[in-house]
Structures are given as structure tokens and as C-alpha cells.
Amino acid sequence: MTTALYAGSFDPVTYGHLDVIERASRLFDRLVVAIGVHHDKKSEFDAHEREAMLRELVGPVAERTGGSIEVVTFTCLVVDIARRHEARVIVRGIRNSSDLDVEVGMAGMNAAMAPEIDTIYFGASSGVRHVASSLVKQIARLGGDVAAFVPPQVAEKLRARYPAD
């Protein structure tokens, strides 16, 4: 059984994240979606909120793909959480060349620390290539409609946090 780990802040989870989760879930027997908790970084949603959102959203994905998807939080190195869950692969999404530059550097560092763990990149599907959590938050803060970028549950939470004037 091959286990993969998809780590991110998921703050908030977007259709881009769900695209990677669905595609990875089709390829691997087990996918661990790991939410990074960085206490020195300001998050829009706390770890419990992000975990609850992801758990709700990955259930239907697992049903569609027949895959096993778990959601966890972590405060350690990505390679350490991957080892803890016996993941042989780290999954990363790439939207553009800037993402690739950053991801190649991270993959190199991860390989130096954990040579037994490979990194696999998923190029963003065309319909979500432009979606970024940071932009979604900015749109929400300014009272814009984020429904095209995030699932309805997430859009509702953002609307509640930032009611339109």
C-alpha cells in the first residue's frame, strides 16, 4: 500500500487544493492531508477550523475516488510528519513557474533530510491555475465574492468573517 502526504496551510482550502487531493487520491492507496500549524504565522482560520473544513470536504472526494483520505495537523518538519504516517511520497501542487522554483528548492531540502521520500508535483488543472488562498482572503476582506474559488462551506465562513458593507 502506497501512502502519500499532501501538506499545506489550507488557509483557506480552495478548489485548487481539492483538485490536487482528488487527483492524488486516485493514484495512491492512502492520502494524508497534513495541515501545517505555524504558531508564528497569522492564520485566517485556526488549525481546528481548517481541520474541520477539510474533513467535511474530503469525505465526498474519498467516496468518488474510492481512496482513503486522512486529515491531520502538524507542527514539525514535513518529512517528519511523512515518516510518522509512513508516506513514501510528498505531493505538491504547482500553479506556475514561481511555484516550481520554490517547490524544487523545498524538495531538495526534503530529499537531503529524508532520501527515502520522493516528491511528486501535480500541475494545476486549467480551471484552478489562478486560485491562491492569499488572493481568496484578500477578495473576501474587500467584500468580494469568492464562490468561484472555494467550496460553498468555505465561502460562507469567509462571508461570516468579512460581511459585505
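Backbone N, Cα and C define each Cβ position, glycine as well.
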In TrEMBL, SER9, PHE10, HIS17, GLY93, ILE94, ARG95, VAL128, ARG129, HIS130, VAL131, ALA132, SER133, SER134 are given as binding ATP, so which of GLU86, GLU103 is in that site too?
-> GLU103
Going by Cα-Cα distance, pick out whichever of the binding-site residues LYS41, VAL78, ARG92 is nearest to HIS17 (ATP binding site).
-> ARG92
Mind tallying the domain 'Cytidyltransferase-like' (5-112) by DSSP state, helix then strand then coil?
-> 55 helix, 24 strand, 29 coil
